[in-house]
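Q: Annotations per TrEMBL:
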{"type": "DOMAIN", "residues": "2-118", "note": "domain 'PLAT'"}
{"type": "BINDING", "residues": "G17, D79, D80", "note": "Ca(2+) 1 binding site"}
{"type": "SITE", "residues": "W103", "note": "site 'Essential for stabilizing binding to COTL1'"}
{"type": "DOMAIN", "residues": "118-564", "note": "domain 'Lipoxygenase'"}
{"type": "BINDING", "residues": "H368, H373, H551, I617", "note": "Fe cation binding site"}
{"type": "DOMAIN", "residues": "565-617", "note": "domain 'Lipoxygenase'"}
Amino acid sequence: MPSYTVTVATGSQWFAGTDDYIYLSLVGSTGCSEKHLLDKAFYNDFERGAVDSYDVTVDEELGEIQLVKIEKRKYWLHDDWYLKYITLKTPLGDYIEFPCYRWITGEGEIILRDGRAKLARDDQIHILKQHRRKELETRQKQYRWVEWNPGFPLSIDAKCHKDLPRDIQFDSEKGVDFVLNYSKAMENLFINRFMHMFQSSWSDFADFEKIFVKISNTISERVMNHWQEDLMFGYQFLNGCNPVLIRQCTKLPEKLPVTTRMVECSLERQLPLEEEVKQGNIFIVDFELLDGIDANKTDPCTMQFLAAPICLLYKNLANKIVPIAIQLNQVPGDENPIFLPSDAKYDWLLAKIWVRSSDFHMHQTITHLLRTHLVSEVFGIAMYRHLPAVHPIFKLLVAHVRFTIAINTKAREQLICEYGLFDKANATGGGGHVQMVQRAMQELTYSSLCFPEAIKARGMDSTENIPYYFYRDDGLLVWEAIKEFTAEVVGIYYESDQVVAEDQELQDFLKDVYVYGMRGRKTSGFPKSIKTREKLSEYLTVVIFTASAQHAAVNFGQLFLGMYPEEHFIEKPVKEAMARFRKNLETIVSVIAERNKKKKLPYYYLSPDRIPNSVAI
């Protein structure tokens, strides 16, 4: 009788193992096996991190194995099990891999296909077509869109983390990590102590140093020592945590009536201000989005305020960016003066502090929350709803949305909800942060997520004219490496543009992102469909870059881009493409490390060895 060797790998995360009964059935082209209990005498099967092998003998030839069915039945108490993968050695000595990387809960079952990525058109056998269809039908019931707040991108229909499908919840280890990191952040930032400080005036600039008491590294120490200086202020717009607002000023706005006479002491080239603009030496950061946003009124004992500044900056003879004029609100007038470096020391410093405060609100709510977290969640939900696990694009993207929906759900529970941390600690709490997202959604475009286009649109693409913009330099290197990789993967599975256009699952994924994530706004520029391999590669680069590199640049994390611990792809050409991708990223790491050796203030946020795969890792 034919005999198969079945190897079963259990996950290594906490509580991944099980004591439940595990049954296996094989479905072949010519027949199906009986259920086989996978059990070895006097042995504790399916322990956390274990790889167990079993001999399974069947009564008759099964032909080509198409599916493996795993059933879990209760032994004592309900005991979830995380199955990484199954490999099958056939009677002829061939090996078939069945990736899983999913939880089996309760008395559940999972039906697995072999690990070869397949488009829907590649499935000609009825049972495989049926498996594909049922998987998506189940997922679409589990992953439902909901409007958390009017005007927001739609999010997952779950009120709290425990309502999420088990496969996208934090595993226990990650959940504990989240709680510890959250607690550690609160401890480091002395939130309760700050709340007391906020309710009374600060009497000394030394109070600022208290922020850095427990946050000690090369960057924080240098910022603490130099934060009052104009050079540091300008540098942060290029390479700080929010390097996406500064743009080249091509025309002085009427709402900022700055004259040459006002700023001539800052213009080192001795040229009129208008000529400096023409030569590309003037830059601007406009916080117009904050104009009219309601300040936090949740604490009646604390008056909080918001500004909507306009900051003009100048590239000096050393090619460094420095501020030369600040107007704290949008409408000029006697009650809204323009502050200058020539003003009294603390008047100018206070104006810069207001700008930095506004920059904080834009960074937290728009650059970070909306443009990485919420956008990545949209991609993740649409992926689960329309791309089966066998689809090559699912296999490509799943690592980059890992825990994204979970961390966003936690944020809606604890951070940006009513009475959450935003309400307690931010001047935009109490609803201002919601207003900001609603406004920013009207300006969110696909092209603004395409890194090279976004840089060029702000006039910041010239390395000669703006030589110290490391966010741009490193970001372009990483973008190109990702795009080269996605183009390789697309080329493996889509032999022509026609195959892209005819992939209905892909087109449904794209449409879901547009209709529900971007709320069907034509002005967003998000494609409702894609017809070419080149455009598909670009789109996939946007998804991966947003979730990994862009988030790292504005948040900074710790797991590595290009490392895929879950092996969803088994084909040799894709593994070779991954190896080339990792090699390209290693080269970028070396380039960045070499540059940073010469820098007093190194920039490493976009070094691939420091970029997490997703916004939640």
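Glycine is no exception: its Cβ is also placed from the backbone N, Cα and C atoms.
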Q: Excluding G17, D79, D80, which residues of the same chain place their Cβ within 8 Å of the centroid of the Cβ atoms of the recorded Ca(2+) 1 site?
A: F15, A16, T18, D19, D20, F46, W81, Y82
Q: Tally every other Cβ atom lying within 10 Å of the Cβ atom of H551 (Fe cation binding site).
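A: The answer is 28 other Cβ atoms.
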Q: Just how many other Cβ atoms lie inside 10 Å of the Cβ on G17 (Ca(2+) 1 binding site)?
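A: 21, counting other Cβ atoms within 10 Å of G17 (Ca(2+) 1 binding site).
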Q: Take the C-alpha atoms of H368 (Fe cation binding site) and D80 (Ca(2+) 1 binding site) and report the distance between them in angstrom, rounded.
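A: One finds 34 Å between the Cα atoms of these residues.
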Q: Do any residues at least six apart in sequence from H373 (Fe cation binding site), in the same chain, have a Cβ closer than 8 Å to its Cβ, and if so which, in order?
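A: Same-chain residues close to H373 (Fe cation binding site) (Cβ under 8 Å, separated by 6 or more) are T404, I407, N408, A411, H551, V615.
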Q: Counting across all protein chains shown, how many other Cβ atoms sit within 10 Å of the Cβ of W103 (site 'Essential for stabilizing binding to COTL1')?
A: 20
Q: Reported as an integer number of Å, what is the Cα distance between D80 (Ca(2+) 1 binding site) and W103 (site 'Essential for stabilizing binding to COTL1')?
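A: Rounded to a whole number, the Cα-Cα distance is 7 Å.
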Q: Please give the average pLDDT for the domain 'PLAT' (2-118) in this predicted model.
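A: For the domain 'PLAT' (2-118), the model's average pLDDT rounds to 91.
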Q: Take the C-alpha atoms of D79 (Ca(2+) 1 binding site) and W103 (site 'Essential for stabilizing binding to COTL1') and report the distance between them in angstrom, rounded.
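A: About 10 Å separate the Cα atoms of these two residues.
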